[in-house]
Amino acid sequence: MLILGIETSCDETGVALFDAQRGLLAHALYSQIGMHADYGGVVPELASRDHVRKLLPLCDEVLAQAGKARSDIEGIAYTAGPGLVGALMVGGSVAHALGFALGIPVLGVHHMEGHLLAPMLEDNPPAFPFVALLVSGGHTQLVRVDGIGEYQMLGESVDDAAGEAFDKTAKMLGLDYPGGPRVAALAEKGREGQYRFPRPMTDRPGLDFSFSGLKTFTLNTVNDAKDKGTLDEQVKADIALAFEAAVVDTLVIKCRRALEQTGCKRLVIAGGVSANKRLRASLEAMAEKLRGSVFYARPEFCTDNGAMIAYAGAQRLKAGQQDGERIVAVPRWPMNTLPPVAEPRQNGLVD
């Protein structure tokens, strides 16, 4: 079954072709980062308009890469949420228009399920069950995964997501959008031990996260250095390192607890922040001590992309799930409300 995957949840237009037998055939991505950088963040209206301009040309580009025609497509998967509603509607509308014209099934899939399943595109995919850390600009969640659509929420952020905290810290330090990679790059120049930031909610039981207090602590540290006239580039790097270390340590501590509580030996990390080198190294060291394994997608599939949507959609479309005539766009959508892949669905995955 040849599936076209479409991702338009935020500021990246992603398209991919996935074959159920041969795997990923082609993928392409257009990033709007340059357009939004002048505004210090994503402008929803501009994002939607750019998706309109770029989506169909990207579809044709991917088909050409794979040597396929539109008539070869046997199903279409698109991101139905969570995300910016206007951006989601662009992807959903194009997917359903193509599906209607070609007479093939269409399904709106969950953006974070796509991230969660992205490591399945690698040569050594994880087996079920596993614990997943979903960590991005909008989400920080720990989930027990027993199968596709079989999700138990173990913990999540009660306020800011880790990726959001990275972006806000970048602004405090005068760095450009997107903040996460720039904070990480600056942290590489930092000196160990110059600052010690708190590891929020690690001094109590449970698997929930909170990063708003850490964000405030960072702001106070930056302002204190400004007041003293010491906020030079080296001090900024020291602060970036202390902040990154605090986030990474917090995530590692919670992941260890989740593995110990569930008895799972496999940990999947997914989402944009999963590309962070310090986080990967720290989680691998922790898992090795527990005689476990860590799985993640290649860096290009950590951020938003069409390949993960094509893969996630393929698993559900093969099982007979589809939207029918309903275009689905859900800005907020808890992942643990998704139905199992074996449950019959002819009117979308959202009740």
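Glycine is treated like the rest: Cβ placed from N, Cα and C.
Per Swiss-Prot, these features apply:
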type	residues	note
BINDING	His111, His115, Asp304	Fe cation binding site
BINDING	Leu134, Val135, Ser136, Gly137, Gly138, Asp167, Gly180, Asn276	substrate binding site
Listed in sequence order, residues not in His111, His115, Asp304 with Cβ within 8 Å of the centre of the Fe cation site Cβ atoms = Glu7, Ser9, Thr79, Met112, Gly114, Ser136, Gly271, Asn305, Met308, Ile309
Rounded Cα distance in angstrom between Leu134 (substrate binding site) and Asp304 (Fe cation binding site) is 13
All-chain count of other Cβ atoms within 10 Å of Leu134 (substrate binding site) = 23
Provide, as an integer number of angstrom, the distance between the C-alpha atoms of Gly138 (substrate binding site) and Asp304 (Fe cation binding site).
-> 12
From the Cα of Asp304 (Fe cation binding site) across to the Cα of Asp167 (substrate binding site), what is the distance in angstrom?
-> 16
Select the most exposed residue of Gly137, Gly138, Gly180, where exposure means the fewest other Cβ atoms within 10 Å, treating these as the binding-site residues.
-> Gly138
Ordered by sequence, the long-range same-chain Cβ contacts of Asp304 (Fe cation binding site) under 8 Å (at least 6 apart) are Glu7, Ser9, Cys10, Asp11, Glu12, Gly14, His111, Gly272
How many Å lie between the Cα of Gly180 (substrate binding site) and the Cα of His115 (Fe cation binding site)?
-> 17
Reduce the DSSP letter at Gly180 (substrate binding site) to three states and note it down.
-> helix
Taking the Cα atoms as reference points, how far is Asn276 (substrate binding site) from His115 (Fe cation binding site) in Å?
-> 15
Output, ordered by sequence, the same-chain residues six or more apart from His115 (Fe cation binding site) with a CB under 8 Å from its CB, or 'none'.
-> Leu134, Ser136, Ala270, Gly271, Met308
Other C-beta atoms that fall within 10 angstroms of the C-beta of His111 (Fe cation binding site) | 29
Same chain, 6+ residues apart, C-beta under 8 Å of the C-beta of Val135 (substrate binding site), given in sequence order = Gln141, Ala161, Ala162, Gly163, Leu251, Ile269, Ala270, Gly271, Gly272, Val273, Ser274, Leu279
